[in-house]
Structure formats: structure tokens, C-alpha cells
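Before any comments, here is the structure.
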Amino acid sequence: RLVGGDNPCSGRVEIRDGNQWKAVCDSDFGPKAAAVVCRELQCGTALPVPEAAHFGEGVGPMWDRELQCVGNESLLVSCPTASPRDQPCTHANAAGVTCTRKDSGQGFRLVNGSTACEGRVEVKVQGIWGTLCASHWDLLDAHVLYHHLNCGFAKSIPRGGHFGRRTGPVWRDSFHCDGTEEHLGQCPVTALGASPCSPGKDAAVICSDGFGSLRLVGGGSRCDGRVEIFQHGTWGRVLDEQWEVQEASVVCRQLQCGEAERAYNPPRAQRGTGPMGLRGVRCEGHEAKLSLCNTSLPERALEAGIAEDMGVVCWGEWSHQVRLAKGPGRCVGRVEIYYQGSWGTVCDDGWDLSDAAVICHQLGCGGAVEAVGSTGFGEGSAQIWLESVNCSGAEAALWDCPAGSWGQHNCGDKEDAGVIC
């Protein structure tokens, strides 16, 4: 992806590695790699590579390998890479790209709804608008689209032609969002192009009233992260000297994320840089929305402490995520679950093809080819969340299967479960 530019076809180069976006060092990036980036993003051709950090400095880790592109590759991940560099690179040396086209030729909109934030999903591909087929469309994808359109969060994804008969082509592209992306263009996508789609299978979204003005950013799911509120046409930070579980409870309730697990102050590297939206928030804990809490504290109280960004970890259905790590693609690898704000693994005790089938279905990766055990994809280093998983194969998510208690196990990291879809 390109970030920090004034359009989707210019900005700082970042590569998705596992579950992290990593900036690329300018010394490891040349004109041939820039040409591949513009081609992959359907952004025309690359202009001369700008100087280091031309689009500002990012945060987080740096990509540690040199890209040795020939220049005719269709995807950046297809380029050969050199061994990890000996000397670390900083964000002051981040590579940037500017392409000739000011937009990627792809857009998203909702049509035939009663508001701007509901309707049938249409995608613009190479300048042509068409309906998106719902064969791989889910609430995580819908949530990212809502984030992109400043619509808050999706309530449901109705089927059966809810928003009228489609016109034009039907796109079968399959988005694989985890819910943390800024827009659909950042989600991994399987581009299937125009192809048949059965009637009533149009992708659609219905908005949820009352919580579209709040979001959590920078976490591993839409239900944890730094709190931001949408006011006067822009997203603003929520700052406070004291941030406790009763305020966090209101945030989790408003976002339909279940109960508040904890309230915290994000570390310096994760703090926001935008305008202030709210400060001095005091809730009783029963309010339906954060904006209904008391925010009119005396001026002296505001001056008494140093206001910091506020973070929340919620506990509910949306706080669970699953991924496959350390494999050659997103549909092969070690099983990892996001739970209570952190990623952990699954013990391979009793791990079989029925368990693997649930993971593959949940990730939109087709059927299960193999259930891999005994660290077939390397050892994890984090918490082991589940053991003795016993799926029938029909469950919608891994955490719907019978299993031991969360976090309680007799396993080591040498027993991490894996999947090949």
C-alpha cells in the first residue's frame, strides 16, 4: 500500500508482513520496484522515485530485505529479495512512490439505500461500476467499507436482492479483510473479475443507528484500540487525565463489542496525531453513547493533569480474530487467534481435518487439505489460547467448537497447530 500521499497512487511504501504493515527503506528500493508497485495498484506508471521520507515518517517496524525486482513482475511479493540487512533502517529513510494515475481506477459506493450509509455494494473496476457478488462478502469486509465511507459500522449484510435489481456487470472479487484496514483497497483480495453470480447474491449493507460516530483504531480488531469520535466532518482523539472501566464500558456498548476488558493509555508510538474530539469524559457506565457522558469538567480539573489518548479492549464476538501465520500465503500456516487484545496459538492435541475445515471456511480459503501439528510452521512465542479443540466441521468459527477453557492448557509451543487450505 501507499500511505501519506494525497491520493491512493502516491505515498510511503508499506508491505504487509504477517499481521503488520512495514515501511521499506529507500536504499532497498529502486525504480524497478516502484514500477511494480504502480502496476500492482493499477496506478499507471511510476514517476522518478522521490527522496527519502518525502511522504513523512511512519511508525512501527521496517521491512528488512532489499527488493531485487526485475520490473516486469505483476506483484511486489513476486520480486526476489536479498538477505536481511546488517544495519537497521529508520523511518527517516522510508521509500516513497508517485504513480502517474491519481486514483487506482477502483472505487466503492452504496446504492438504492434510504441513506448514504446503506445499500447494494458497487465496485468500480477500470472505470466501470458493477455490483459486488456476495459469495465471499462478510461483516468484516462491510465494516472496512463503512470505515472508508465514514459511516461507522455495519449492522447486517442482507441477502436476496434487498436493495433492488442490479444493473451492469457483476464483480466476483473476494476481499479478505481482518477489520483493521482503513479502506477495502488495503485488504488482501482475490481478483476474480466479472463472472456469473446467482440472483439474490448481491453484496449489501445495512447501517446501525447510534454508533457510527465512534471507532477504535490501532488494535488487532475493531473492538480494541485507541478511541476516536467523528464530529464536524472529521475524526478526533478522545483525551483524558483519568480513563476508567465505566467509560470503557460505554465505548464497548456503543460499538456493540460486548463488555470492557480493560481501559488503558496507548504507548507513545501508538498515540494519535489528529485534532482533539473530546476531553475530560466522565461516564456513569450506563450511558448508551459516549457523547451522552459528562464532558464539561471545570477548567481547573482539565489543567490538573496531562491529557493522554484513551484505549479500550472489549470482550465480545467481534474481539475474536483468526489468522494463519508463517506460511507462504494467507491460507497456509500456523493457527493464531486474537483474544483479549493479543495473538496466541492453538495446541495440536486432537487437531484434525474437521478442525482445519472450520479455519479454512472462516478465512474464506476453501476446503482443508491438511491439519498440521507439531510446529509444522514454526513455534509461536505468545500465549497458547486453546487446546483439545473438537470441531464437527460445520461450525462458523473456531471458538464455536468444543474445546478446553481459554488460556488453560498443558501444551508447549512445540505443539502449535497448523492448517493447509
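One is the number of the first residue shown, and numbering goes on along the chain from there.
Placed from the backbone N, Cα and C atoms, the Cβ positions cover glycine too.
Summarising the annotation, TrEMBL assigns domain 'SRCR' to 1-100, 108-208, 214-315, 322-421. Taken from TrEMBL, the feature disulfide bond applies to Cys25-Cys89, Cys38-Cys99, Cys69-Cys79, Cys133-Cys197, Cys177-Cys187, Cys283-Cys293, Cys347-Cys411, Cys360-Cys421, Cys391-Cys401.
This view paints the features noted in TrEMBL onto the structure.
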residue: Cys38; record: disulfide bond; Cβ neighbours (10 Å): 22
residue: Cys69; record: disulfide bond; Cβ neighbours (10 Å): 21
residue: Cys89; record: disulfide bond; Cβ neighbours (10 Å): 19
residue: Cys133; record: disulfide bond; Cβ neighbours (10 Å): 24
residue: Cys187; record: disulfide bond; Cβ neighbours (10 Å): 20
residue: Cys197; record: disulfide bond; Cβ neighbours (10 Å): 20
residue: Cys283; record: disulfide bond; Cβ neighbours (10 Å): 20
residue: Cys401; record: disulfide bond; Cβ neighbours (10 Å): 19
residue: Cys411; record: disulfide bond; Cβ neighbours (10 Å): 18
residue: Cys421; record: disulfide bond; Cβ neighbours (10 Å): 22
Nearest of the disulfide-bonded residues (Cys133, Cys187, Cys293) to Cys89 (disulfide bond), judged by Cα-Cα distance: Cys187
Lowest local Cβ density (other Cβ within 10 Å) among disulfide-bonded residues: Cys25, Cys79, Cys99, Cys177: Cys79
Cα proximity to Cys293 (disulfide bond), best match among disulfide-bonded residues Cys187, Cys347, Cys360, Cys421: Cys187
Distance from Cys79 (disulfide bond) back to Cys197 (disulfide bond), taken between C-alpha atoms, in Å: 34
Cys25 (disulfide bond) to Cys69 (disulfide bond) - Cα separation in whole Å: 15
Greatest C-beta neighbour count within 10 angstroms, which of the disulfide-bonded residues Cys293, Cys391: Cys391
Residues near Cys360 (disulfide bond) in space but at least six apart in sequence (CB under 8 A): Cys331, Gly366, Gly367, Ala368, Val419, Cys421
Averaged pLDDT score, the domain 'SRCR' (322-421): 86
Intrachain C-beta neighbours of Cys347 (disulfide bond), sequence separation six or more, cut-off 8 angstroms: Ile384, Leu386, Glu387, Ser388, Val389, His409, Cys411, Glu415, Asp416, Ala417
